[in-house]
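If you check Swiss-Prot, you get these features:
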- His223: active site (ACT_SITE)
- Cys279: active site (ACT_SITE)
- 1-11: compositional bias 'Basic residues' (COMPBIAS)
- 12-21: compositional bias 'Low complexity' (COMPBIAS)
- 46-74: compositional bias 'Pro residues' (COMPBIAS)
- 1-21: region 'Disordered' (REGION)
- 41-87: region 'Disordered' (REGION)
Amino acid sequence: MEVMDHHHHTSSTRPNPTTRRMNFFLPNAIHMDSHLLYYRPQPGYGAPPPQGGYGYPQPPPPQQPYGYSQPPPQQYGGYNGVPPNAPQYGRPGMPSVNSNAYINGNQNAPPPPPQGMHSFGQGAPQNYAFQYSNCTGRRKALLIGINYFGQRGQLRGCINDVKNMSSYLHENFGYQRDDMVILTDDQQNPMSQPTKQNILRAMHWLVKDARPNDSLFFHYSGHGGQTKDLDGDEEDGYDEVIYPVDFRQVGHIVDDEMHRIMVQPLQPGVRLTAIFDSCHSGTALDLPYVYSTQGVLKEPNLAKEAGQGLLGVISSYSQGDMSGVASNLMGFFKKATTGDDAYNKTLATKTSPADVVMWSGSKDDQTSADATIAAQATGAMSWAFITAMKKNPQQSYVQLLNSIRDELATKYTQKPQLSCSHPLSMVPPLLL
């Protein structure tokens, strides 16, 4: 069994983390949370994990949600294609974090993001580019927290993570409650339960009708794991997955599907910020550029992808040339069937003309932690992100990455990881 080594502090000022997720190896190359999965929907995936769980008695779900006003998701209108009434972003008299302090004379604040289209860099075709979002448009958020009440591997902090994150977005970045879909397993409305069907439907709602300079926010706190990679796009041979509350009946959600739903449809200049507080979440959105506080961990070979014709698909899409998309795809799949080694796994590029940024609290070979902080169960990444942002909301990507690392280092052995759909400029501020 492979278990992450968390430091256990005895000081009253520090939490005593418990391992939120543990990894063990099963036949057929499945890695998952040992406390969670005592059986799978499909037979034959190995023996059950140890009995007992975490040792924290968990009361049944309360009869009412947390107490903040939350209409059920089906009332948002987004699922049926009818957008809610346009909200007033920000409260009167309250400056938004996005009213950039650099423009207002604070030279210590990072400058605003560069405008226009930007090249992916060396090896990319000339017309292949992406665009940053200035986050001045519409805001929508999808927040998912699953404690798995009554199931083996029950967690304590995931619903608290969502409550804290939604309040932070609302109070500091002008996200309106009516533009948030919150799926947690303490809610009585079946449409607000984090089932696989509801999660997938909400992912489609999140990105529907997104326009340049819109800001979309996705937050997942719950169990994560790995499964055998079937399409050859993962270096370690495994796809990352998340587990809906009903995964035992209907299965998990794979990173390839999350990328297809939430990343591929986005136009240039649309921001999607994602936070995953789960194990094996480092590449949960299948983004091609991965950074740590030590530097670049992973980046695509654009020259190779361009030579294979992969980048033509997305450049045609970003220019609205759907016929170009079709012809590029046909040419790609034709080459893929010729036996050419370059196409033997039918790989598609994971870059995007949009502005997609993902924060995760662990590398794919680490676990995440479920700890008690200020007498409240919470996930490490969710807590560290909010704590670091509250201390200094005007940070660049690299500053925030280091700030989150410093927060985590006080209580955890985890390291933060930042993944992007495009090469990361360390200069632009993090806008939400």
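Placed from the backbone N, Cα and C atoms, the Cβ positions cover glycine too.
Since we're looking at a predicted model, the values are computed, not measured.
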Number of Cβ atoms other than its own within 10 Å, given for His223 (active site): 30
Rounded Cα-Cα span from Cys279 (active site) to His223 (active site), Å: 7
Cβ neighbour count within 10 Å of Cys279 (active site): 31
